[in-house]
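Let me begin by presenting the structure, written as C-alpha cells, before commenting on it.
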Amino acid sequence: MGEKNEELQILIITGLSGAGKTQAINCLEDIGYYCVDNLPPALMFKFIELSMQSEGIKKVALVIDVRGGDFFPDLSLVLEELEDSQINYQIIFLEASDEVLVRRFKESRRRHPLGSSSRLLEAIQEERRMLQELRGKAHFLIDTSNLSPRELKEKLDLRYSEDETLRFSASIVSFGYKLGLPMDSDLVIDVRFLPNPFYDPLMRTMTGKDPMVIDYVLESSVTKSFTRRFLNLLKYLIPYYIKEGKTNLAIAIGCTGGQHRSVVLADYTGKQLEKMGYNVIVRHRDIAKHKTEE
C-alpha cells in the first residue's frame with residue numbers, strides 16, 4: 001500500500017431513507033470532509049486504502065445505505081475487514097419516526113428505495129428491520145424527527161468540526177420569573193427593568209414575536225444601552241469559555257411573565273451572536289403561559 005495516512009478520519013453515514021443523510025453529507029463537506037454518496041460497499045475498502053495513501057485527504061465521509069441494493073449486505077463484511085486491518089471508523093446512523101418519514105416522502109414525491117408510494121409505510125418498516133443490526137453498531141445515533149436542517153448541522157458541527165467557533169454553541173432561553181428560574185443556566189439576565197409592553201392595552205395580549213412589541217422594546221434608549229453593553233460582555237466572555245473547553249453556554253433571559261421583553265431580547269441576542277459566527281439555539285419557555293399579569 002505504500003506510506004499510510006494513519007490519521008485519516010473515516011465516517012460512515014447510514015440510516016433510514018428520508019432521515020437526512022444528504023443534508024448530513026453536505027454539512028460534513030462544509031467542514032472539510034471528502035464526501036462520497038451512495039458508495040457500493042464492495043468499493044469501500046479500496047477507496048479507504050487509496051485515501052490513506054493520499055496526503056491531501058485527511059477526513060472522509062461515506063454514505064452507504066439500502067440504495068446499494070444487493071450489494072448492501074456486503075457492508076458487514078467490509079466493516080469486519082476494516083477492523084481486522086485496525087482501521088478506525090465511526091458510524092453515524094440517522095433515523096426518524098415512521099410518521100415523519102411518510103410525510104417527508106409525500107412532500108418530496110420521491111419513491112422509497114424499497115417500494116412504491118402505494119406501500120410506503122411497509123417499505124419504511126422493512127428498511128428499519130434491515131438496518132437494525134447496523135443501528136446497534138452506530139457510534140452516533142441521530143433522530144431527526146424534530147430536527148430542522150440547521151439543528152442537524154449544529155449537531156454535526158459540534159461533534160466533528162475542528163473549528164472551535166463552530167464547535168461552540170449558545171443556548172438562549174427566555175423565561176418568566178413568576179414561573180421559576182431555568183435550572184441549567186450558566187448566565188441569568190434579568191430584564192425586568194426594561195419598558196414593559198404589558199401596560200399598553202394594544203400590546204397586552206401580544207408576545208415578543210409581534211413587530212409592535214419588538215419595536216417598542218428595542219427602540220427604547222434603555223434597551224439600546226443595555227444590549228450594547230451585554231453583547232460586548234458576551235463578545236469578551238465567549239472566547240475565554242472556548243479556550244477552557246466549554247462547548248455550550250446556556251443563557252437565560254427573564255422578565256416577569258416570559259411573554260414580552262425576555263422574548264424580544266432572547267431573539268435579538270441570538271441573531272447578534274449568529275452574526276459573530278456562533279451556533280445559536282433560541283427557545284421561549286413561557287411564551288404560551290401568559291395568563292397572569294406582568
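For all residues, glycine too, the Cβ spot is worked out from N, Cα and C.
Feature list (source: Swiss-Prot):
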type    : residues                               : note
BINDING : G15, L16, S17, G18, A19, G20, K21, T22 : ATP binding site
BINDING : D65, V66, R67, G68                     : GTP binding site
Using Cα coordinates, what distance in whole Å links A19 (ATP binding site) and R67 (GTP binding site)?
14
Using other CB atoms within 10 angstroms as the count, which residue among the binding-site residues G15, G18, G20 scores least?
G20
Its Cβ having more other Cβ atoms within 10 Å than any other among the binding-site residues S17, T22, the winner is S17
Determine which residues of the same chain, besides G15, L16, S17, G18, A19, G20, K21, T22, have their CB within 8 A of the center of the CB atoms at the recorded ATP site, and list them by sequence.
D65, L94, E95, A96, T144
Which residues does K21 (ATP binding site) neighbour through Cβ under 8 Å, counting only same-chain ones at least six apart?
I13, T14, G15, D37, V63, D65, L94
DSSP-derived structure type at G15 (ATP binding site), helix or strand or else coil:
strand
Across every protein chain in view, the count of C-beta atoms other than its own within 10 A of the C-beta of A19 (ATP binding site) is 26
Quick note, V66 (GTP binding site): same-chain residues at least 6 apart with CB under 8 Å of its CB -> S17, F72, P113, L114, E127, M130, L131
Could you state the whole-number distance in Å separating the C-alpha atoms of L16 (ATP binding site) and R67 (GTP binding site)?
11
Once the chains shown are all counted, how many other Cβ atoms turn up within 10 Å of the Cβ of D65 (GTP binding site)?
23
R67 (GTP binding site) sits from G18 (ATP binding site) (Cα to Cα, rounded, in Å) at a distance of 12
Can you check which residues sit near R67 (GTP binding site), meaning Cβ under 8 Å from its Cβ, same chain, 6 or more apart in sequence, and list them in order?
S17, N38, P113
